[in-house]
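Since the structure comes first, as structure tokens, the remarks are kept for the end.
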Amino acid sequence: MSSAATLTFDAAISRIGTGWFHYKLVALCGWANASDAIEMLGISFIITTLAECDLDLTEARKGMVTAGLFIGMMLGGWLWGSLADKLGRKYTLILALLFNSLFGFSSSLATSYHSFLFFRIMSGLGVGGSIPIVFTYTTEFLPTKQRGLYLSIVAAFWMVGTILVAGMAWGIIGAHECSHANMPSSILLRCEEWDNSGCGYFATSTGGRLPAWRLFVGLCSLPSLLAAVSIAFLPESPKWLATVGRIRQAERILERIAKANSSSRRGYSAVHDDDAKFSLSSTDTHEATPPQHHQPQPSSSSPSPSSSSSPASPLALSISEERTQRHTMPWPMRILSSVRNVFESTARLFRGPSLRPTLVLGGIWFFLSMGFYGLTLWLPNYFQHGAIDASTSVYKVSFWVALANIPGNAFAFWGVDWLGRRKTLLISMLASAASVFSILKIHSTAGTTAFSCVFSGVSVAGWNALNILSAELYTTRQRGAAFGLLAATGRIGAIVGNMAFGAMSASSPTLPLMLTGAALAFGACMSLLVPETRNISIE
């Protein structure tokens, strides 16, 4: 076998192509995204009805629980995203998922409002961290031409999570309406009303009583645990390794990916024998500058004159020295060093060429989150207070609304590559705003349900495009911190939306809908300022 040619990272990853490894990567990272949806959206079902049975949740306390989750997500996105740039994508993602699972399960055991609120905030820290890292991590394995499609698939798993959580709520929490749910008894559990309080319980075979909402919350924490265990079997991002100067590790991972992809194809090898080993150019360790967006810059497959045996770049040396110093520090100093790095990473996003995309994308995240989460988390409450007739199950309607994500995701698969990320985002947000204003004119159960489904379906395409843009507009050294900061900005929008919805719904059920439509329309206008990233190589 001849010696391996020296390639840039993008040239190497493009030559490898996609195959079995990428299918596994997308499935596992997609499941991590779905687990976050389950943990996050599940709160709308437990606050609506059953949590007040055991925890004395007043309307004000319900609002605090929802706000607490988003406060945790806001801090989590900012902290974990910055740490992913310093410590690596894989293990930071695993820790965030475990954090989510541990405190999500703990909240099912809470015995008071204050302990429940604490556990939901801590669970939010995990959810807020894992969402941006999932897209950052996946992006760095993908060739330029396939990046839009594969990231859209990862984003589509959010729909899987919404369908699962709505189905679980319908089957578990909705089962307290035994006559309506018609749930059969099982060996361990049977549905019953306890003391005619209207709160759902399951009676165990040992004579115990298990509140339905506790079972639901406990089950919602398991997908994150499964995702963390599964991702442990994936490698670290080779793009991140190359950027921080760990060239040889990155080369070995690329070789593993090449072999995995070759074995997945019949009669054709994804890499030729001469390409089975990769030697990355040391230029991949240079401090990257934000990508130029005035024109596409596809990856070049031409060999670079540099070699992995070349002297390490100044960046690689500084990272090595920083790592050595950190390991010799006492624990309090290590923590302070990490906190300082988080603030420094954030500050870099507001300087130079990074300033404009940070401000524009941050605004879009804010308004889309304000409208989407404000309405999505408020819809079950809207349904319960007369938007649908009493004979229709809130959980059944929520399940159908979740299923409406399917056509929206199908549009995103096509749109992000054929129309571009920016146009897909613009069309989605405008259509979402129009659907919300349409709900105001509907006064029947069927009509309200139909337009809620339309809103869910068209808005999901915008989320997919926004997630892809947020991952592609920044360099490897900034990507984790940038995505985390943008996600945190979105959580602030969600908090504002939920607080505004709670205040407005007391006086008029239509005011929150008008706020949602206005926020989405304003965000759509801001999307015109976003540069297009289709077919642009990431740095």
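A Cβ is built for glycine as well, from the same backbone N, Cα and C atoms used for every other residue.
TrEMBL entries are annotated by machine, without manual review.
The annotation compositional bias 'Low complexity' is assigned in TrEMBL to 290-317. Per TrEMBL, domain 'Major facilitator superfamily (MFS) profile' is recorded for 1-534. Per TrEMBL, region 'Disordered' is recorded for 281-317. Positions annotated as transmembrane segment by TrEMBL: 64-81, 93-111, 117-137, 149-173, 212-234, 358-379, 399-418, 425-443, 449-469, 481-504, 510-530.
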Checklist entry - Hey, which bits of the same chain come close to the transmembrane segment (481-504), Cβ under 8 Å, at least six residues off its ends? => result 59, 63, 66-67, 70-71, 73-82, 84-85, 128-129, 131-133, 135-136, 342, 345-346, 348-349, 354, 358, 361-362, 365-371, 373-375, 377-378, 470-471, 473-474, 511-512, 515-516, 519
Next on the checklist: Taking contact to mean 3 or more CB pairs closer than 8 A (sequence separation of 6 or more), are the transmembrane segment (510-530) and the transmembrane segment (358-379) in contact?
Outcome noted: yes
Checklist entry - Is it the case that the transmembrane segment (425-443) and the transmembrane segment (358-379) have 3 or more CB pairs under 8 Å, with pairs at least 6 apart in sequence? => result yes
Checklist entry - To what whole number does the mean pLDDT across the domain 'Major facilitator superfamily (MFS) profile' (1-534) round? => result 78
Checklist entry - Short question: which residues 6 or more past the ends of the transmembrane segment (399-418) have a Cβ under 8 Å from it? => result 148-149, 151-153, 155-156, 158-159, 162-163, 165-167, 169-170, 379, 424, 427-428, 449, 452-454, 456-461, 464-465, 468, 534
